[in-house]
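Annotated features, as they stand in TrEMBL:
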| type | residues | note |
| --- | --- | --- |
| DISULFID | C11-C19 | disulfide bond |
| BINDING | Y85, R394 | chloride binding site |
| DISULFID | C223-C241 | disulfide bond |
| ACT_SITE | E255 | active site, proton acceptor 1 |
| ACT_SITE | H385 | active site, proton donor 1 |
| ACT_SITE | H385 | active site, proton donor 2 |
| DISULFID | C410-C422 | disulfide bond |
| DOMAIN | 496-684 | domain 'Collectrin-like' |
| TRANSMEM | 622-643 | transmembrane segment |
| REGION | 652-684 | region 'Disordered' |
| COMPBIAS | 675-684 | compositional bias 'Basic and acidic residues' |
Amino acid sequence: MSTIYSTATVCLKDDPLNCQTLEPGLEYVMSNSRDYEERLHVWEGWRREVGKRMRPLYEDYVDLKNEAAKLNGFEDYGAYWRYNYETLDEDVPYKYTRKQLMEDVRSIYKEIMPLYTELHTYVRSRLMEVYPGYIDSQGPLPAHLLGDMWGRFWTNLYPLSVPYPEKPDIDVSSTMVQQGWDEMRFFKEAEKFFMSVGLYKMFDNFWTNSMLVKPDDGRKVVCHPTAWDMGNREDFRIKMCTKVNMDDFLTVHHEMGHNQYQMAYRNLSYLLRDGANEGFHEAVGEIMSLSAATPKHLQSLGLLPSDFIYDSETEINFLLKQALTIVATLPFTYMLEEWRWQVFAGNISKDEWMKRWWEMKRELVGVVEPVPRDETYCDPPALFHVSGDYSFIRYFTRTIYQFQFQKALCDAAGHTGDLSSCDITGSKEAGTKLRNMLELGSSESWTRALETIAGNARMDAGPLLDYFKKLYDWLKENNQKHNRAVGWKTTVDPYSQYAIKVRISLKAAMGDDAYSWNANEMYLFKASIAYALRQYYSQKDQNLPFTAENILTYEETPRISFYMVATNPGSPSTYIHKSDMEAAVRLYRGRINEAFQLDDHTLEFIGMVPTLAPPVQQPVEVWLVVFGVVMGVTALLGVYLVISGVRARKKKSSKPPAENPYSIDVDGISNTAYEDTRDEQTGL
């Protein structure tokens, strides 16, 4: 699966010969393009080339991981992952179980939902301006419009949604380029930051052994940023395809934060060289990013002008940018891991993986699939962490921990004012407090380690909500001011209004002789519909080259029912109107029925009036054809003989009569005025 992920390519919509890997090519499109169809092409292509190809592998992966987990005494692989948070500490304040993790995560998700819902509503309104006609004002957000390949971080939506665009831009990516920053400077600045709070200088071999930019020698590599402890107490590395932009600048601080944690506990015995739990490791990197992202810190680096003023409007801009990265990812993270927990527990059957994935995505995240998904796809492993076998709940817990850590460190640094404006750069007091916790590694339970730094042994969403309090109030006021419908309806999607439900009854048509419905039959069905649409539009003087790929199906059931929609071959985001679909099917209903040996009652297009198409004709036996020909020839011969006899008799009766010797007409010429014409009429 990792090989598929790292080597897969998608050819660009307007340049079919230009096939790009995820990074930097496809990620660049998903980060920057505002072309709805281009984004959809790349989004769908990545899931086709990665997730769809991984489907059988991921099914085996789930079975094998569950088998291994059970051999080690766990209920399933999800329980094994959650064991990372279980403590052996029997003291009540510090005891923690796998079940408590699930309860806490679900509870915190509900706590942050008011903030997320207001953010979702605001972002939807701005996306509607950029993509008019594609987004419902009360619906979920289309998954391919959210700033990256997965909709995990909405950071790249900031230019589209900045509340006060006339204010100085706090996304300093363009300034970095203008000032000539390169990738190496990102790492040098991050190292300076850690050293300023009393943490560690990177070892010399870090700079020679790490992969800090994508290789230009043709090697295919996984570019997803990772930090490495090589296990010998003196070799720590980062693997990353760094690009010069603010997002990667913060990511460098995050990854080097992992290295700082690894260096802090390197002198412990090998088994204790790890974070207090997986979320701690992620949180340490993130608290550094919180400080590095502040306008104060950016100004100190010369990335914001010296006369930059941090007023209330600029503060809202900053908080929104932070929320697009931090708040927006929480429901995404929770939903993904909840789905995997349910899959490993056997609560979601394999024939409903995609159905439940997108149902949960709509319900918990407010995001909808832009095109229908069927069970040949497997969208989850199109994300690195899923195909790479990483627990993902760490990214939820880390977000909660990082704000608990940040509040504690800012208090230690003597910061006054809003938590969102705190920059701990240069504070040895904050650094000492952090280092004392880092050096514990996993020698203490995470609950005790958390208490060491935050004074609380439990996860607490309070500091996060405090950090974004001003933004939450502003979002509520702004959404009310513009009469926006807060929240989303899970029943709204881009394609259902164009769908036709199909129901097939093979048993009713054929009894015990019924054939099995499989992928090949579905392909034939799609091809038949594509043929009907081609013919239908050709009669309207439109050449639309429909293929089976333009016919999309979803919600297929074992009793053979499903929904189908058709996309325009020249515009994949445009669906064929339902009335045109029905007209095409109605025109060629007989051909479609015949292809499957069915009729209007056993191949139903729900909602369509049945046609008067003739029943399917069974093949005629050869001997019947021969017999019919022989009998036909015999009958014709009989008719010929009868007609020949009649004509012969007529000729015989038409000879001139004998001359009457007693006639006064000596010339023997008949008087036509008295001629009997009955024979002539009869002969006719």
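All positions are counted from 1 along the displayed chain.
Cβ coordinates are placed from backbone N, Cα and C, and glycine is handled just like the others.
Computed from a predicted structure; not experimentally measured.
Features as recorded by TrEMBL, highlighted on the structure.
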residue	record	DSSP class
C11	disulfide bond	strand
C19	disulfide bond	strand
Y85	chloride binding site	helix
C223	disulfide bond	coil
C241	disulfide bond	coil
E255	active site, proton acceptor 1	helix
H385	active site, proton donor 1	helix
R394	chloride binding site	helix
C410	disulfide bond	helix
C422	disulfide bond	coil
> So what's the average pLDDT for the domain 'Collectrin-like' (496-684)?
Replying inline: 73
>> For the C-alpha pair, I'd like the distance in angstrom between Y85 (chloride binding site) and C223 (disulfide bond), rounded off.
In response: 29
> Do you know offhand how many angstrom separate C422 (disulfide bond) and C11 (disulfide bond) by C-alpha?
Replying inline: 45
> Out of C19, C241, E255, H385, C410, which of these recorded positions is nearest R394 (chloride binding site) by C-alpha distance?
Replying inline: H385
>> Within a 10 Å radius of its Cβ, which of these recorded positions (C11, C223, C241, E255, C410) has the fewest neighbouring Cβ atoms?
In response: C11
>> On a C-alpha basis, identify the one among C11, C223, C241, E255, C410 that is nearest to H385 (active site, proton donor 1); the candidates are the recorded positions.
In response: C223
> Measuring Cα to Cα, how many angstrom lie between E255 (active site, proton acceptor 1) and C241 (disulfide bond)?
Replying inline: 12
>> With every protein chain in view, what's the tally of Cβ atoms within 10 Å of the Cβ of H385 (active site, proton donor 1), excluding that atom itself?
In response: 19
>> Can you give me the Cα-Cα distance between C410 (disulfide bond) and C19 (disulfide bond) in Å, rounded to a whole number?
In response: 47
